[in-house]
Amino acid sequence: MHKKVLLAILDGYGISNKQHGNAVYHAKTPALDSLIKDYPCVMLEASGEAVGLPQGQIGNSEVGHLNIGAGRIVYTGLSLINQNIKTGAFHHNQVLLEAIARAKANNAKLHLIGLFSHGGVHSHMDHLYALIKLAAPQVKMVLHLFGDGRDVAPCTMKSDLEAFMVFLKDYHNVIIGTLGGRYYGMDRDQRWDREEIAYNAILGNSKASFTDPVAYVQSAYDQKVTDEFLYPAVNGNVDKEQFALKDHDSVIFFNFRPDRARQMSHMLFQTDYYDYTPKAGRKYNLFFVTMMNYEGIKPSAVVFPPETIPNTFGEVIAHNKLKQLRIAETEKYAHVTFFFDGGVEVDLPNETKCMVPSLKVATYDLAPEMACKGITDQLLNQINQFDLTVLNFANPDMVGHTGNYAACVQGLEALDVQIQRIIDFCKANHITLFLTADHGNAEEMIDSNNNPVTKHTVNKVPFVCTDTNIDLQQDSASLANIAPTILAYLGLKQPAEMTANSLLISKK
């Protein structure tokens, strides 16, 4: 019988032996529990060197889907940039040097925009420090910094700023122009009202201002506002002409991960990706640079252009003239398409893409079920048409990021109902379910001091197959082993570029 496969990726669903604050453990999820207990299952590495990140670095959705789709370890933004800084190549990068030179030639400013974080998921503070060391001796610099509070603890910006302000004392050419939370400046669900507030601050206009960056963040903490939700504020110590974005300025967006940088990039530098124009208009003749390639954005230049990843999982399916479906809600749609396909936007032969709209709520603890039922409804209507379906459920990650433990438990329990529907449908229709995750999150929601945890983890993730005629090797394995395993299961030849091994063991 011709085999059909569903690969279900539970975003942020890690496994931990620690029970305290573990929403995965405490949620009533009989369907998921049964899959892991009763079927072939192996625990996969989803962080650090096993997925192309520095040792001990937490995994993330972008890297996770890249490795799953590539069938090999993919060295991405963080490791690549770190290595360039270490070798000194960073300081000779021609794109960075051109951004500096253009600002000097135009008697203009160089703006650095990005996430102020050591989380290493979207950006890293070390890269900001390196950029300042490179450019500050040569040109006036303005920093527009977004607080994190998701990929690190909710209130880390103050201590990070304290150290940063000491560093800046040696660089008199550098000022912090604006501060704000990623909730405003790094949305990815077209909530343009939020982006407008952050963008207007970059233009020099906000109802909030600061004279002391550290004190401004502390005042937010006093009002129970964490880094993520810091209201965009402008520097009140200087005239706005000293920090506001102007015509002919240079801009470096130092996030290396694209999904939460695209919308602000569109506000700054017109693209064809979105049908939206900022109310205040755009500045002219910007030299706009992105650290990595941002899907759908065509900047003036890219500091580290993408390296091609040939023969991805999706390409192998297409080359074999098989039909495939990619399905997720808005929040994770790019992950099962762009990232899964090696960091490129591509429409493969016999491929269908389905995006289910994410719910319009301020934070997902307000609707922890998210769009999991809508995704499942769409899935069950279409899946029989396809040989391979790749699905993402966002609940464990997106609700996990809110730090709301009770809501995360609710989200997992709502998700489990849909998982049971999928299991039943797959059994009735002879579809093999492979279930995994891209990284951990929901299994660590409360720390030992009973503080909420909002960031990803370094825990392993499950990889389950519902075909009991096979088994899975229990040796050390990672996300990169998933594609080779499913290709072997489908009887398809693994391409040479896909260097990870299949974990498949046949019992027959």
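Including glycine, each Cβ sits where the backbone N, Cα and C put it.
Here Swiss-Prot has D11, D438, H439 binding Mn(2+) 2, and the candidate from S61, S79, S502, S506 in that same listed site is S61. Same-site candidate for Mn(2+) 1 binding, as annotated by Swiss-Prot with D397, H401, chosen from H430, H456: H456.
Cross-referencing R102, R182, R282 with the substrate binding residues that Swiss-Prot gives (H122, R150, D151, R188, R257, P258, D259, R260, K332) picks out R182. Counting every protein chain shown, the number of other Cβ atoms lying within 10 Å of the Cβ of D438 (Mn(2+) 2 binding site) is 33. Among the binding-site residues D11, D151, D397, the residue whose Cβ has the fewest other Cβ atoms within 10 Å is D151. Cα proximity to H401 (Mn(2+) 1 binding site) (within 10 Å) is found for the following binding-site residues from D11, H122, D151, R260: D151. Rounded to a whole value, the Cα-Cα separation of H439 (Mn(2+) 2 binding site) and S61 (active site, phosphoserine intermediate) is 7 Å. Closest to H456 (Mn(2+) 1 binding site) by Cα-Cα distance, out of the binding-site residues D11, R188, R260, is D11.
For R260 (substrate binding site), the same-chain residues 6+ apart in sequence whose C-beta sits under 8 angstroms from its C-beta are L115, H122, R182, M186, D187, R188.
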